Amino acid sequence: MNPAQYKHFAVVDYVIFALLLAASVAIGLYYALSGGRQRTTQEFLMADRSMHCLPVSLSLIASFQSAVAIIGVPAEIYAHGTQYWFIGCAYILGLLIPAHVFIPVLYRLHLTSAYQYLELRFSKTVRICGTLTFIFQMVVYMGVCVYTPAFALNAVTGFELWGAVLATGLVCMLYTTIGGLKAVIWTDVFQTVVMFAGQLAVIVVGVQRTGGVSEVWRKVLEGNRISGVDLNPDPTERHTFWTLGVGGVFLMLSLYGVNQAQVQRYLSARTERQAVRSCYMVFPSLQLALALSCIMGLVMFARYCGEDLVMVIFLAQMVLYFVMDMLQDLPGLPGLFVACLFSAALSTISSAFNSLATVTMEDLIKPHFPSMSESRATLVSKALAMSYGLICLAMAYLTHLMGDSVLQVALKIFGVVGGPILGLFCLGMFFPCANSTCSICLVNKSQSFIRFVGQSGHSICLVGGMMQQSETRVCHIHCPVECGDHLKDNGRTRPTTESRQWSVARLNNTFI
């Protein structure tokens, strides 16, 4: 974006953003100086297994609701309609199964790392395999999570890119290192409230300035942005009920059933019943978060449909442009939404720091140093959390060097890792006859297949010149329906006849 077209922050916006960071550090300091003062690994990594269901449930939603989602979901709805909203149907089974299958098994074993189960069920080799794949997954993803909101903010407002990245990464590293899991959970609670408040403020002002609810509804109907249930079984469609409803269940299971960042929160609950309740309580919060993001996308469409703006931007930056456009003359509200955006980033990467320190300590270090004292183990755990914070900043810089395509790469890595690890846990729990050899074979074959699907799709799209760029497609902000003939048919992408021929490489991304 041309610097002359930047939207600018008022002083109060900077103050609100600074208050978010200060409050997060204050919570970390409180838990560093209270209670047991983070002197044991049980307190630092597991919050003394004393947490109640409400803070645990809010922490679970905060960890899931990354800044990538807050930016990406409204842009998806803006460009392609409400079909994506049907992923909310997957939340039902995606939370019921973890609550009644995974949580009871893992909680009763009194584990610290979810991957300890893999050694108990299979072998130490399988445990190490699971740990290393999780580390690889989270290290890549947390770099994207901290860089994406800073990049979008810089592109729209001119806000210093690396200032935002460093502030987010260093503040998160500080309160995670000194306050442990208790600080992470309670900052997640605070940040969840900020996230919901920021999105709600933008929606209310956006609806009012677009002409009211009826006018928004009229425009999104005329623009074919309200999608019905699409029961098309074709897996190459962008989104259908089956790819979102079925694929979404497996996505939820990989996140809420076996992902260490979420499992660690279940295991920090005071009782198994509290852990199960926290999983149930996530459901309404997830539905609310999804609804707010989707409604924001519809309001964005209603606001800009039919208008010609003398600028060209990426859809990934569209949300920030919309926010600054709507709230520019309301000092404080742009800062509130930016606080919302960076709250999502902080909650995601703080969960990553703490869970990565936990699996590294429990799965890779303690087995080789069984006589390590408790004080030494706690100190090493804190050093690991700090080290992963520095790695996060390095990954943010690598993200910057790789450009926009890194987002697609990171999300595919999430699929390549999350699916096989879920399969590994399911193999152990549901197939008593499976052994270590079967489990390693499962991981290798499934990862090879998913890598083939992802890489083939990337190559074929590049060769054919038809790469879908819902996140990075440059678009003159006119009515989005006119940005290209492919944005037709009830708001879903409809490629040309040549690109519609079936290929394993075009399988829907939800399955990848």
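The count begins at 1 with the first shown residue.
A Cβ is built for glycine as well, from the same backbone N, Cα and C atoms used for every other residue.
Keep in mind that this is a model prediction, so the values were computed, not measured.
What TrEMBL says about this one:
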type: TRANSMEM; residues: 12-33; note: transmembrane segment
type: TRANSMEM; residues: 53-73; note: transmembrane segment
type: TRANSMEM; residues: 85-107; note: transmembrane segment
type: TRANSMEM; residues: 128-153; note: transmembrane segment
type: TRANSMEM; residues: 159-178; note: transmembrane segment
type: TRANSMEM; residues: 185-207; note: transmembrane segment
type: TRANSMEM; residues: 240-258; note: transmembrane segment
type: TRANSMEM; residues: 279-302; note: transmembrane segment
type: TRANSMEM; residues: 336-359; note: transmembrane segment
type: TRANSMEM; residues: 379-398; note: transmembrane segment
type: TRANSMEM; residues: 410-431; note: transmembrane segment
CB contact flag for the transmembrane segment (279-302) and the transmembrane segment (53-73), at least three pairs under 8 A: yes
Contacting positions for the transmembrane segment (53-73) when only residues 6+ beyond its ends and CB under 8 Å are counted: 84, 144-145, 148-149, 152, 184-186, 188-189, 191-192, 195, 199, 255-256, 261-262, 265-266, 268-269, 274-275, 277-282, 285-286, 289-290, 293-294, 297, 316, 319-320, 340-345, 347-348, 351, 407, 471
Proximity verdict for the transmembrane segment (159-178) and the transmembrane segment (240-258), three or more C-beta pairs under 8 Å: no
Chain residues in Cβ proximity to the transmembrane segment (85-107) (below 8 Å; excluding those fewer than six residues from its ends, i.e. six or more beyond): 77, 114, 117, 227, 229, 239, 241, 244-249, 251-253, 256-258, 263, 266-267, 269, 272, 275-276, 279-280, 282-283, 286-287, 290-291, 294, 425, 429, 510
Which of 128-153, 185-207, 240-258, 379-398 contacts the transmembrane segment (336-359) most, counting Cβ pairs under 8 Å: 185-207
Top partner of the transmembrane segment (128-153) among 185-207, 240-258, 379-398 - counted as Cβ pairs under 8 Å: 379-398
Distal contacts, the transmembrane segment (185-207) - CB-CB under 8 A, six or more residues away: 20, 23-24, 27-28, 31, 47, 51, 55-56, 58-59, 61-63, 65, 70, 175, 179, 213, 216, 265, 268, 285, 288-289, 292-293, 295-296, 299-300, 303, 322-323, 326-327, 330, 333, 336-341, 343-344, 346-347, 350-351
